[in-house]
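Each remark here refers to the structure printed beneath this line.
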Amino acid sequence: MRLPSSIFVSVSLFTAETTAALYLSSTYRSAGDQIWQGLTLLFTLVPSVLVQLTLTFIHRDLSRDRPLILLLHILQLGPIVRCLEAFCIYGSVGRVEEPYVSITRKKQMPRGGQSEEVERQVGQAEGKLFTHRAAFARTSVIQAFLGSAPQLTLQLYICVLQQGVSIGRGTLMVISLLSIVYGALRCNILAIKIKYDDYEVDVRPMAYLCIFLWRSFEIATRVVVLVLFSSVLQLWVLPVVLLNFLVFFLYPWILFWQSHSPFPENIEKTLTRVGTTIVLCLLTFLYAGINMFCWSAVQVKLNDPDLINKSQNWYRMAVYYMVRFVENASLLLLWYIYKTDFYNFIRAPLLVLQLLVAYAIAIFFMLVFYQFCHPCRKLFSSSMTQGLWDCSSLLCLMCTSASPQSRPMGKTVLELPSPSTRKEPPGERAHDSASNSTDDMPNDTTYDMLNDTVYDIPTETDNNIGGGINGDISHNVSCNA
């Protein structure tokens, strides 16, 4: 049984960031900066409350007689108590004989076109540790993108205005950046385990390193761009942020309404329709917060029983990074045009170039991860580079066909890969697809978002296969060559 080190890292970052934020808010109060003090406390207490609610919800403490645990959660000490409980469970393994065990079946990664199914006994203590790890993986994502990300943006903005970095502010910024990167890393690992729950996934150190570098460059660049833009165009930063947030918040709901699927009722049996709606709104709120700063590895799909899209769509990822790169470049251009003498102490053209190169480096490490370091790359039904190249060709084709000046005589047809012609490993069902023609077909297994269990569900035929979340491209695109 593995040491619950991920739980310890999550709790350490949570405790360190909360302590540093409380100390920094006290310095703001001493200096008379009540606005900065209020915002610093806001970005500390709100995610802390959400973390307590998430742990209580996943462990179902409201339906159990545990008043002391609930009191500690009210006092914002829940993560520390859960961490101690997890290590106590880990230390007691092997000392007491398990009264019963459960049998789990996992497939190994295919070798030579075949994969073997391995049975393993899981004791009660290991099952509890598994639930603790799953709970802290979700709270790390919540803390990262609903607390650490806005906190880092705020403190960097204050540093730009004051042209200085104090020890307390610098410490909080470093911890916040580490918390965001760790939350994004946990989001990536969580997405892999959800999509490939049938397989025994082994994430190697090189994969962790690639994810860490990818997310570090991507998030740091995004935060710096937003801070620079807001420092010269304060009134325009709010529409930019709200537009980004609303697009990603409403996107899953629009696709859900278009699919004409019934309202999800399998989230929690004790929840009413109003409670289920609140949980779904919080889920899409978190999804929008993640996409505000980086690409969300977990894609929300409300018309799926698991609420998660298990297919890997390269087209959507390519479009996201293209649009985000253009947006960052546009914001930097506006900052360069409207910057004042306040920025005479830096070389603006060099800074713009460095930020664009840093974002390109993030994309490079993302490509390296999916091409060489992804633990389940053998299950990909299509190459990531081929999918991104097809998407780029399609966008270039649309731009070329939209300009009447560049239309020569003659016709040519660009055929894109059809969903029916994709190749799958022998004897295995492909999990990822360059297109998303099977997004609306229910899987043979359902993933429980609360305790990471898998149970069988009947397979039914969906009538709206063509209305997938990513928009299938199954027809030929013609243009005048």
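Including glycine, each Cβ sits where the backbone N, Cα and C put it.
Remember, TrEMBL labels are computer predictions, not curated facts.
Residues or ranges marked as compositional bias 'Basic and acidic residues' by TrEMBL: 421-432.
Residues annotated as compositional bias 'Polar residues' in TrEMBL: 433-445.
Here TrEMBL flags 405-445 as region 'Disordered'.
According to TrEMBL, the feature transmembrane segment maps to 36-58 (among others). Proximity of distant same-chain residues to the transmembrane segment (36-58), defined by a Cβ-Cβ separation under 8 Å and at least 6 residues beyond the stretch ends, is recorded for 14, 17-18, 21-22, 24-25, 28-29, 70, 73-74, 76, 78-79, 82, 131, 134-135, 138-139, 142-143, 146-148, 150-151, 154-155, 158, 268, 282, 450-451.
Sequence-distant neighbours of the transmembrane segment (166-185) (same chain, 6+ residues past either end, Cβ-Cβ under 8 Å): 9-10, 13-14, 16-17, 20-21, 23-24, 27, 140-145, 147-149, 151-152, 155-156, 158-159, 208, 211-212, 215-216, 219-220, 290, 293-294, 297. According to TrEMBL, the feature transmembrane segment maps to 166-185 (among others).
Among the features that TrEMBL reports, transmembrane segment is placed at 235-256 (among others).
For 277-298 (among others), the entry in TrEMBL reads transmembrane segment.
Residues or ranges marked as transmembrane segment in TrEMBL: 318-338 (among others).
Among the features that TrEMBL reports, transmembrane segment is placed at 350-372 (among others). A Cβ distance under 8 Å defines the sequence-distant neighbours of the transmembrane segment (350-372), meaning residues of its chain 6+ beyond its ends; these are 207, 210-211, 213-218, 220-222, 224-225, 295, 321, 324-325, 328-329, 332-333, 336, 383-385, 388.
Listed as Cβ neighbours of the transmembrane segment (235-256) (distance under 8 Å, sequence separation of 6 or more from its ends, same chain) are residues 226, 229, 284-285, 287-289, 291-292, 300-303, 331, 469.
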